[in-house]
Amino acid sequence: MQAIKLVVVGDGAVGKSCLLIAYTTNAFPGEYVPTVFDNYSANVMIDGKPFNLGLWDTAGQEDYDRLRPLSYPQTDVFLICFSIVSRASFENIRAKWYPEILHHAPNIPIVLVGTKNDLRGHHDLKRPEVSAAEANNLVRELGFSGYVETSALLQTNLRELFSLAIRTATSPKSASAKKKGGFFSSSSSSSSSSSSKSSEKSVPIPPVMPPAGKAPWIDIITSSYDKEMRETLNSESFSDVKFTFFEERPVYAHRVILCSASEFFRRVFGYTLSSDQAEFKLDDLNEGKVKNIRSVTIKPNEKNDDGTKSSGEFVEISIDSSINRRVFNRFIEFLYTGVLNYLDKNDQLQETIALAESVGFKYLASACKNVLGGNEDLNPSIGTFLNDQLGETSKELFFTKKILSDIQFIVEGRSIFAHKALIFSRSNVVNALIGRNFIEREGKVEMSDDVTFDSFMAILEYLYTAHAPIEEGDSVGILVLGNRFDLRRLVSLCELYISKEIERATTIGIFRSELDIIGLLICAQRHNAPQLEKFCLHFISSNYQPMRRRKEFALLDDKTKKHIEDNQWPPIHYLRAVEDYEKEMEKLKSSSKGWFKK
């Protein structure tokens, strides 16, 4: 089986790695991870002949201009890639990539590759595209072997590209051209062998670059929104609704949660969405005209039992005697958590279905039917949907609004209305924050001066919905405040987002990047973000040479510097081997007297 070495070059973030991964795995990678140097392999059949195709990925950033050419020896064919929606990457072919290959590996065939073809014609991107005609003109001008336009996302022309590359590498014309090449052509060993008869010198072999290792995986902590909502329900704290039953103990709940979860209760309490039916009239509720409800009593109430400010009213609802407490409490639990609580199939599930259908809550009926039909494994997806829906509806109805508010936060002199039931149970710190011992003035909590309004609003939105606007906000500020409030899942979300920002910000080059990665590492160390700390340590260590030249490097403590130096990539022994290799090459050039062509 003939072995073919194919090297891919081009600017950072044009899609080189995606091209190789999509070709070798038939799958598109979900996230961009800047390549240091990586290798892939594939066994393919072209024109009935088997080939072992060695695929060499390279880093396009200028930080690796010295090391990248060490991947070029014995190359059979190059792919120079540019993004069709990045004119700068196209212009760099003539300015950088072609001269680099011509210098280090003359006479090796080159195929020009346009990537991200799926973005062609997307006018909303507002980026100047490179036309196929321009690419073909460049092919003719520089003498490339051909041009192929591809999409790794859609698998467009991938097989055609690599088939062309293999045919180009194995064509008689290419073999003839390689024989004319310098040391870095694939036939350099035979060239040097013949030359050694007069020079008694052989071409030094470049040192093998050790792998850099993969970046640490950042795990997102699983949402516990349903468990937190159950804790809120069971605690009965801040409740402003009491459901009563004939000769059974009552069920306490919260209007803001019931309204966020159910159109039926929005109509009962009078806080409807534009898509809801009209609210029930109080007279109809008290005259038995609304199914399942006997009466509704509303009483003014300024204080909760613990002495803290209430939502202003306390509502008592008498439930019809045809509904037993267990079934009704299951309904309320399901509204809060999205989880169906039952012992077995005989645990009054039919009665629960009847109640759910009478109040128009189809999701509870579906969950019960799934259990009865042996499809209970479908219920977790219903719960996830309901948790998200509750959060989104609570945001629409109540977020920062005075309606039913029972607490205010003062941040940077601005007042923010909130609802204790919707933020309770998220963490012990949050619970302490809204408890009676912390509140300095009636129903108000004044945040410290170092808390910014925008970051606090992001935290509050997360407390309501289990989602935070990290992309639109200050992700670092949100992480710092999330750690202060002991919101570990939010911290993990910020860690992942910031890690992706690091990868995106360094596509132009690590030394030139405006992002302060060392500052992010120090922040992660100070604010209990261990996953981000490990990611930054790996990134700085894996890009040691450009990172150590940044002025922020001096801010690192001795322990951190030692860790980075001990784990630096490329390792010191490899860099020393590179220096020795370069010295040997210089000696060889000096002694070759003309037969070595630069």
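All positions are counted from 1 along the displayed chain.
Placed from the backbone N, Cα and C atoms, the Cβ positions cover glycine too.
Noted in Swiss-Prot for the protein shown:
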type	residues	note
BINDING	11-17, 57-61, 115-118	GTP binding site
COMPBIAS	182-197	compositional bias 'Low complexity'
DOMAIN	239-344	domain 'BTB 1'
REGION	175-210	region 'Disordered'
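Feature map: Swiss-Prot annotations on the structure.
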residue	record	DSSP class
Asp11	GTP binding site	coil
Ser17	GTP binding site	helix
Thr58	GTP binding site	strand
Thr115	GTP binding site	strand
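Each of the binding-site residues Ser17, Thr115 was ranked by the number of other C-beta atoms within 10 Å, and first place falls to Thr115.
Within 10 Å of the C-beta atom of Asp11 (GTP binding site) sit 25 other C-beta atoms, taking all shown protein chains into account. Here the domain 'BTB 1' (239-344) is broken down by DSSP into helix, strand and coil counts: 32 helix, 33 strand, 41 coil. A simple way to gauge crowding: the CB of Thr58 (GTP binding site) has 22 other CB atoms within 10 angstroms, across all the protein chains here. If you take every residue in the domain 'BTB 1' (239-344) and average the pLDDT, you get 91. Sorting the binding-site residues Ala13, Gly15, Asn117 by the number of other Cβ atoms within 10 Å puts Gly15 first.
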